[in-house]
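Notes for the one structure printed next.
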Amino acid sequence: MNSVVQHSISKINIGLAILNKRADGYHAIDTIFQSIHLGDTIYFAKHHSVVFSGIAPELPPYMNDMIPYDESNLAMKALRAVQNYTGCTTGGAIHLLKRVPPAAGLGGGSGDAAAMLLGLNTFWDLRLTEAELFQLAKTLGSDVPFLLKGGTARGTSRGEELRYLPTGKAHWLLLVKPEISVSTGAAYNRFNGISAFNSTTIDAVEKSMNDGRMDEAMQRSGNTFEELLFPNNEELAQCKAFFADRGHTVVMTGSGPTMAVYLNQARDALDLQEEIKAAGHNWLSLITRTHAKEELA
Ligand SMILES: C[C@](O)(CO)[C@H](O)COP(=O)(O)OP(=O)(O)OC[C@H]1O[C@@H](n2ccc(N)nc2=O)[C@H](O)[C@@H]1O
Ligand SMILES: Nc1ncnc2c1ncn2[C@@H]1O[C@H](COP(=O)(O)OP(=O)(O)OP(=O)(O)O)[C@@H](O)[C@H]1O
């Protein structure tokens, strides 16, 4: 192919129970993944060697400073994994346009890794099967397998074991990220074996999702990371309460700190953005939508 454009997706977790710490250092979790439209774009163009660059013009400077456009970028790690697996020596000028806030609990870097796998498969005409892509994805991170396809799925083990659920209609969300960035590893390390949430919590979420009631699913959910992070981050609890106090259903996604606020209609987001501004909070907010069944590949 002369050129390829590959869009990535990101996710929210509707409920996340950390169950226990495993012998390999990872944590066994139980979660419901829901993919959302917010995503990055990777551009591939012919070039004699591999060159990689990136840019994030829509993100604030402090977030830009966090994103490396070098070998440590998860997208580049995905490219190296593909080269190792296939032995492919073709080049490419690859450019990553970032829109997903980093270290936000949205699986931004993981989505780029998944998009790199998919994009290279087309660009280099590798003909890797879905199973091969899934295996490669697993080696890159716990969230990467889900972000290959998206939709709605229950994730267990370290999050890579997926049972797909029916995806319903699209729902509008306002994603709100306080200026706190959370390292996933450090957040997991706070777990001391105790949580109010377990697989029964996630069973209830799954039931509501299967009934097509995402609002109810969010209300029934719980996230162990809220228990781990809120006591030391007053602003996080404050951020969640800001929306709950206004009658909105809100959950923290992944290891945080982003809050996903359920909206009955898209224009409610504009009112909320005005209120955030009026209250003097420097929270980044982005309007997005969950994927609907017919929008999935
Ligand atoms: C918080 C979530 O985003 C929820 O979907 C994921 O569990 C995190 O997935 P991820 O960012 O793809 O995580 P990885 O790149 O696999 O691991 C990052 C760090 O989190 C820890 N980690 C991750 C997943 C997991 N189930 N248990 C863990 O303890 C790992 O030890 C590692 O230090
Ligand atoms: N392509 C990438 N995009 C963003 N950050 C990246 C990327 N590659 C590596 N990183 C590094 O990974 C860190 C975590 O960013 P990422 O967006 O993956 O977090 P996250 O959305 O919280 O992930 P998760 O929800 O999977 O835990 C960043 O602070 C950055 O240093």
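Using N, Cα and C of the backbone, Cβ positions are placed for all residues, glycine too.
Model, not experiment: these values are computed from the prediction.
Here's what TrEMBL has on this protein:
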- LYS11: active site (ACT_SITE)
- ASP143: active site (ACT_SITE)
- PRO101, PRO102, ALA103, ALA104, GLY105, LEU106, GLY107, GLY108, GLY109, SER110, GLY111: ATP binding site (BINDING)
- 73-151: domain 'GHMP kinase N-terminal' (DOMAIN)
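Positions of the features from TrEMBL, shown on the structure.
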{"residue": "LYS11", "record": "active site", "Cβ contacts under 8 Å, 6 or more apart": "PHE33, GLN34, SER35, ILE36, LEU106, GLY107, GLY111, ASP143, PHE146, LEU147, GLY150, THR253, GLY254"}
{"residue": "PRO101", "record": "ATP binding site", "Cβ contacts under 8 Å, 6 or more apart": "LEU59, MET63, GLY108, LYS177, THR258, LEU284, LEU286"}
{"residue": "ALA103", "record": "ATP binding site", "Cβ contacts under 8 Å, 6 or more apart": "MET66, SER181, VAL182, SER183, THR184"}
{"residue": "GLY105", "record": "ATP binding site", "Cβ contacts under 8 Å, 6 or more apart": "ASN13, VAL182, PHE225, MET252, THR253, GLY254, SER255, GLY256, PRO257, THR258"}
{"residue": "GLY109", "record": "ATP binding site", "Cβ contacts under 8 Å, 6 or more apart": "ASN73, LEU74, ALA75, PRO102, GLY141"}
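Assigned with DSSP, the residues of the domain 'GHMP kinase N-terminal' (73-151) fall into helix, strand and coil as follows: 46 helix, 6 strand, 27 coil. When Cβ atoms from all protein chains are considered, those within 10 Å of GLY111 (ATP binding site) total 29, not counting its own. Among the recorded positions PRO101, ALA103, ASP143, the residues whose Cβ sits under 6 Å from any atom of ligand 2 are ALA103, ASP143. Listed in sequence order, the residues SER10, VAL100, GLY254 complete the 8 Å Cβ shell around the ATP site centroid, once PRO101, PRO102, ALA103, ALA104, GLY105, LEU106, GLY107, GLY108, GLY109, SER110, GLY111 themselves are left out.
In this structure, ASP143 are the recorded positions from PRO101, ALA103, GLY109, ASP143 whose C-beta falls under 6 Å of some atom of ligand 1.
For the recorded site, LYS11 (active site), the DSSP three-state label reads strand. Looking just at the domain 'GHMP kinase N-terminal' (73-151), the mean pLDDT is 98.
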